[in-house]
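Reading through the structure tokens given below for one structure.
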Amino acid sequence: TSGEARDKKGLMSSLNSTTPSQPPSFLLLGIPGLEKEQFWIAFPFCIMYAIAVLGNIILLIVIKTESSLHEPMYLFLAMLAFTDLVLSTSMLPKMLTIFWWGSGEIGFVSCLVQLFFVHTFTAVESGVLMAMALDRYFAICYPLRHSSILSMPVVTALGSLVLLRGVLMVSPMCFLLHRKDFCQHRVISHSYCEHMAMVKLVCEDTRVNAIYCFLVAIAVATFDITVIVLSYTMILRAVLRLSSSNTQHKAINTCVSHVCVILPFYISAIFTYVTHRYGHSIPQHIHILVANLYLLVPPTLNPIIYGMRTKQLRDKIVVLFQRKRI
């Protein structure tokens, strides 16, 4: 009857209203405004990615095979190398397919997975850099107790906590997005699936998503940067108390590599965040380029910086290649 048909129609509409409407896929544009140029932009990006993959794999192999490098500094460096590999690989291959072949379509679940890995391992990288600053603090300020304070179980626990923090903080972002209704518009004006870029496609109120993302970014950055700044403040005070200028030089030199790694990561992160929230007059393609470089430059530079500036590591890499030739 017509009454039953109306009841069924009403039931179906009520079910549809409570079930999140999710598109089967999204379309990543790459770098809006630079569609013609992004084909050529992909070449330096590809070279940087190759350097990042090769350099970080070499670091992992050397640190794993050389028992003399099984110290907190190098174990944290191995964590950093692994993080850089995951971070760059989670977005670069797909980005290159967009730039070279225009293949920007990505499934809804795949987009959430990419978002999860990008944001989780960005937080993990920040945490590992913080742990490395703590390692330098104990090594310089408490050299006789360094190995007992940062024992193998402590290093493992620190690495696990940093990873767990990233997973627990980013997972709710994906869960909240998965529960939202998305509009018919499914074009993401970005090179990879980024949280706020996806939030813009939601048809519902997204204040909870935006506030949560803001709080996570502030909490991670504030805590990690505070620990790093305090660590290096204490290191500087301890170094200035040393009587020998040669000893001062050696102490400072052990921290230079870490500072060179920290600066590109946090400077690009702060610039990306500030321009995203307040730099509305900055062209969109600048936003996207900086966001891409933020995820690609640190993984590329980190193995180069540590490989060139750390003599013990550099010597072991040379020995490894000499064995390969033989």
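Note: Cβ is positioned from N, Cα and C throughout, glycine not excepted.
TrEMBL has this to say about the protein:
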type     : residues : note
COMPBIAS : 1-10     : compositional bias 'Basic and acidic residues'
DOMAIN   : 55-306   : domain 'G-protein coupled receptors family 1 profile'
REGION   : 1-22     : region 'Disordered'
TRANSMEM : 39-62    : transmembrane segment
TRANSMEM : 74-92    : transmembrane segment
TRANSMEM : 112-134  : transmembrane segment
TRANSMEM : 154-178  : transmembrane segment
TRANSMEM : 209-230  : transmembrane segment
TRANSMEM : 251-274  : transmembrane segment
TRANSMEM : 286-306  : transmembrane segment
Across the domain 'G-protein coupled receptors family 1 profile' (55-306), what does the pLDDT come to on average, as a whole number? 89
Can you work out whether the transmembrane segment (154-178) touches the transmembrane segment (74-92), with the criterion being 3+ CB pairs under 8 Å where the paired residues are 6 or more apart along the chain? yes
